[in-house]
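Lifted from TrEMBL, the feature list:
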- A:Pro90, A:Leu91, A:Gly92, A:Ser93, A:Gly94, A:Met95, A:Gly96, A:Ser97, A:Ser98, A:Ala99, A:Ala100: ATP binding site (BINDING)
- A:66-149: domain 'GHMP kinase N-terminal' (DOMAIN)
- A:210-286: domain 'GHMP kinase C-terminal' (DOMAIN)
2 protein chains.
Amino acid sequence: MKSVKAFAPATVANVSCGFDILGFAIEGMGDWVRLEEKDSPGLEVVSITGDEGKLPKEVEKNTCSVAIQAMLDHLNVEIGMAIHLEKGLPLGSGMGSSAASAAAALVAANEFLGNPFEKKELLPFAIAAEKAACGAGHADNVAPSLMGGFVLIRDYHPLDVIKLHVPKGLYCTLLHPHFELKTADSRSVLRDSIPLKHSTIQSGNVAGLVAGLYEEDFDLISRSLRDVIAEPYRSILIPGFNEVREAVKAKGALGMGISGSGPTLFCLSKGEEKAQAIADAAEEVYQSIGLGVDVFFSAINTRGGYIIE
Amino acid sequence: MKSVKAFAPATVANVSCGFDILGFAIEGMGDWVRLEEKDSPGLEVVSITGDEGKLPKEVEKNTCSVAIQAMLDHLNVEIGMAIHLEKGLPLGSGMGSSAASAAAALVAANEFLGNPFEKKELLPFAIAAEKAACGAGHADNVAPSLMGGFVLIRDYHPLDVIKLHVPKGLYCTLLHPHFELKTADSRSVLRDSIPLKHSTIQSGNVAGLVAGLYEEDFDLISRSLRDVIAEPYRSILIPGFNEVREAVKAKGALGMGISGSGPTLFCLSKGEEKAQAIADAAEEVYQSIGLGVDVFFSAINTRGGYIIE
């Protein structure tokens, strides 16, 4: 029986100054999707593990089946596939959980069908799945989860996605505190209009961040990792935000920001040793304020989702 | 008698999506400043040509003397210098006329004093001169005029100026229509606050432009050369804006935008041949609407201001 298994990584969207336009992928954390040939045509979500029973198995609601169905519709193909999803990522954490499921499903299905698509061409199907899962068809998680690296979503109409250069030695530490922050709440605190001055500051920083990535200038990356648009409002919703930032900065973090819409925080750093020290320091702060936390660090994933079986 | 002469180039500030944070320098158009030793201490603006008598010679008002005085104050040096300014740039055109004068004056004075400063270190003195000349201490003209190339002003507090990579073969065509547009008028049409959505679009484009410069991806540069913040309001003040844009796009312009606060328009293109064709096509449009225009094209100046004698 034909069977394919793929992995797709966790991702950090927004990246401080890159609000709604930047995302990057992490090594070693993510979701797995296994597809099996099925006798009768149509998709079926057979098993989901690691979600505490929270994710829907209905084909028209599950992010994996929605993504694959969008691909099959595009190809005008009818085929039978049984879908097995293993969640490695916590739900609603701001680590691109639904995006990783969709990306893994699409990488697996593409292989299953003999790779009719380049990875970048899978993006519209993943965006359709994000729309089903989150209500909005954002690409800043699915694009890096599929393609890897640091990804810029320059535009949606038409979709224009650019994979940026990633300097060697760039590490990320993820801090996932044990409390729930609803994306809707995190979104609702944002203002619909902002001072022109803030827009100029944000533009300067995102331009500096992109230049810093290409120049491999870690100081410039650090100076540019500021967000004057979302963070001032969202950080208030995240316990310990300022204390954690102070602690990780003292350990050499280039910057710290909110991953996606939170509550997970991300830190960038130069080298694995600092990434570890940052994780330790942050854990201590969370302990002192009585909040459980999962910490994780890794290099930037530059290959995106991939086949493992 | 000791004498030094320097040239500093015209510049394009804003660069569409780079509103208030980007600028670049042009080859072959600019201002010249000659400094001569003077027996008595103090600065004196002895001659100005090419300004139709419009520029002030008072030491505390002239952009050259203000810039040099700021440098001398910083060094705590008293010295006698006679200043001769040759304007190659029209005033109030949006080509960084006052910035080129200040930059040429500073490059000359630095040489005169045995080069105590790196070029980048001259920037604060040039900004002081811009403040005297324009009322606002912007750096997006003086920085490229001094340093050359494409320059990002990431921040002013503290000043953070980054010279970006410039792809080979990038040309600029300047179109200077014969009518006056006051900077104050051009500034007054801007909104103090803007939709968050527009800020995100602008950020995506400036990130795309910077990536395009580093990747030497002319298509990406072209897709990114859009301004949703200033151009929609300012273009209304510029006769023929849409007609010229249509004509230059048809000749292969990567993009067209307002140089600084106008009325000069800039076009970027790949290669000299297209830059020439764009100039010709634009000239024809201006002729058809009965407006005089000076056209000019050149490669990007990557060295900034320099000593010529």
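Yeah, the Cβs are placed from backbone N, Cα and C, and that goes for glycine too.
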Practice problem: Across all the protein chains here, work out how many other Cβ atoms are within 10 Å of the Cβ of A:Ala100 (ATP binding site). | Solution: 31
Quiz prompt | Sparsest-packed among the binding-site residues, when each Cβ's other Cβ atoms within 10 Å are tallied, from A:Gly92, A:Gly94 | solution = A:Gly92
Quiz item: Counting Cβ atoms within 10 Å across all protein chains shown, which of the binding-site residues A:Pro90, A:Gly96 comes out on top?
Solution: A:Gly96
Quiz prompt | Cβ neighbours within the same chain of A:Ser98 (ATP binding site) - under 8 Å, at least six residues apart | solution = A:Thr63, A:Ala129, A:Glu130, A:Ala133, A:Cys134, A:Asn141
Practice problem: Looking only at the domain 'GHMP kinase N-terminal' (A:66-149), report the model's average pLDDT. | Solution: 95
Quiz item: Where DSSP helix means H, G or I and strand means E or B, what are the helix, strand and coil counts for the domain 'GHMP kinase N-terminal' (A:66-149)?
Solution: 48 helix, 7 strand, 29 coil
Practice problem: List, in sequence order, the residues of the same chain other than A:Pro90, A:Leu91, A:Gly92, A:Ser93, A:Gly94, A:Met95, A:Gly96, A:Ser97, A:Ser98, A:Ala99, A:Ala100 whose Cβ lies within 8 Å of the centroid of the Cβ atoms of the recorded ATP site. | Solution: A:Ala10, A:Leu89, A:Asn141, A:Gly260
